[in-house]
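Features reported for this protein in TrEMBL:
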TRANSMEM  12-33  transmembrane segment
TRANSMEM  62-80  transmembrane segment
TRANSMEM  101-125  transmembrane segment
TRANSMEM  145-163  transmembrane segment
TRANSMEM  170-191  transmembrane segment
TRANSMEM  197-215  transmembrane segment
TRANSMEM  222-240  transmembrane segment
Amino acid sequence: MLKSIFLKEFMKLKYFLILSIIFYIILLSYYYFKLNFEFSTIEPESMMWYKFAQLENKPYSYFLYFYMIFGTTFAFAQFLPEIIQKRVKLTIHLPLSLAKITFYHVTISIIIILLLSSIFSILLLMVNNQYYPKELVEIMIKDSFAFSLISIISYSLVSALIIEQNKKVFILKLVIFILFIFLSIKSRFFIQDFSLFFALIIFSPFILLDSFYSIKHQRLGKIYTSAFAIFLTIFIYFSYENYEKNYQKEFYKYYIFYSDIEEDFVYQKNFGAHQFEYGIKNSKTFSQKEYEDTLPFVYYRNLELQNRLPVVIKDRIFNKDEIRDAKLSFDYQPRYLEEKEIDFFPLFNPQSTVAMIKFAEEFFGFFNKEVKIYDFDNKYLEESSNKLSKNLQELNFVFPAKKIFGKPTNIKPFDLGYLIIDNDNKMFNLRKYDNKIILKEIKKDKDIEVEYIYISENRQKNFSGYAIDKNNNFYLLTWDFEFLKLDLPKFDYKNMRLRFISEPTHYLVRYDDGKNYFAVRFSKDNLQKLNEIKFED
């Protein structure tokens, strides 16, 4: 019986499968020529690796839609003729139980989809392997596997929709399918994503079986109904999280500054729809112009156009250059904690005789118990990799590397390199200068367990960035990476946004969780806290 069903389905689907193969060959050919053109016209070619590893801009990402459409159209090609010609009732009256009929149809279809998806993926990987290092190709293998799973799930869910007879149940199943598509499009295919996909692959045949039962005006039992409700709830929850993470616009209820004119904190309150209030908490309100006049360091460009510079504050004169040179800001958001799929970074090589930093031709990465250096022309640089490994051993670096922080762009005046946290919580600075790799250990308190570091190669050279540890402590980093702690009450790095602002007379740190807004002012001489304020939504 299985052989008969297979032959029947294959004869029905053969033209669809042939067209799918032809279309994929055309799509793959286009991809190959486009990829080859991009690598041929960009200099250096390693910028394509940067786009993949740092921007997570994968050149093959649109193949997801092909796999999704392939699974969807497979379902239409298999079941739509049965519905139109009203042959589906003949199918369910085969001398087999309905569960076996569904199982045979799903098994045959999944085998065909997996076979073709595997061929499609192998061809795609053969193309990519010519241009990318092994570690990036491994990510492509993982993504290709995810694409195949998505194709199978699309087939099962769309088949269930085509066969479903009850309109209300059809809508519920359609919601599951739409949410599945919504989650798949923005997925980075981490372990939790695969867990959801595998669970849905196991459960989706039961959704299809339930649709077959609907032809007989029957339904699966209470266990299926409960499981369906759980799946629907899970998909709604994850979809809401996905929306908040990827689509929701950022909103600030309060913008808080310190005014040296008023000698107090001033605020701008945002009511939405371009409606604002300006003032001093529990004191007075301003017009917009009065508010801007209280902040000459923030709106100094307006003052310049109005010929009102320099300004005098407490008998001290501030001109445009002094205000501009004092300006510096660092931002932090919880999404900065998101891990990338791979720690693969450009190794910049500034030259002492060249003003501009060229984009790196070499990339490096820490992979489990080893470090590797690549360049596009020679691929894996074994000699350079071994030399760096030896330097790490001499400094007692403990593999694997836990975290790597740096600014992987050449749009900066200097290159401070990367800060690497080893498995023993020690910190190292890695950079390259005048063709020489420089590696040194950065001494820090071992109790400081770093969660995030931001490096800013700025012209002031007072601070190289900031660090946050697991105990919610915030540190400014000197140019030599010394940790200077700032006292920020109730700061929670997992849930709060933060901005550090340097003004000519003080430092200001603002942080909030969307409901509670804090601002703390610090002395520029010794980083002592001067005053603070809190607003509640």
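Just so it is clear, glycine is given a Cβ too, placed from its N, Cα and C backbone atoms.
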With the transmembrane segment (197-215) as the reference, which stretch in 12-33, 62-80, 145-163, 170-191 has the largest tally of C-beta pairs below 8 Å?
145-163
Under 8 Å for C-beta pairs, could you tell me which stretch among 101-125, 145-163, 170-191, 222-240 has the largest tally with the transmembrane segment (62-80)?
145-163
Any residues 6+ beyond the ends of the transmembrane segment (101-125) with a Cβ under 8 Å from its own?
1-2, 5-6, 9-10, 13, 17, 20-21, 24, 28, 31, 60, 63, 66-67, 70-71, 74, 78, 91-92, 94, 137, 140-141, 144-145, 147-148, 151-152, 155-156, 159, 205, 208-209, 212
Under 8 Å between C-beta atoms and at least six residues away from its ends: which parts of the chain pack against the transmembrane segment (222-240)?
172, 175-176, 179-180, 182-183, 196, 199-200, 203, 206-207, 210
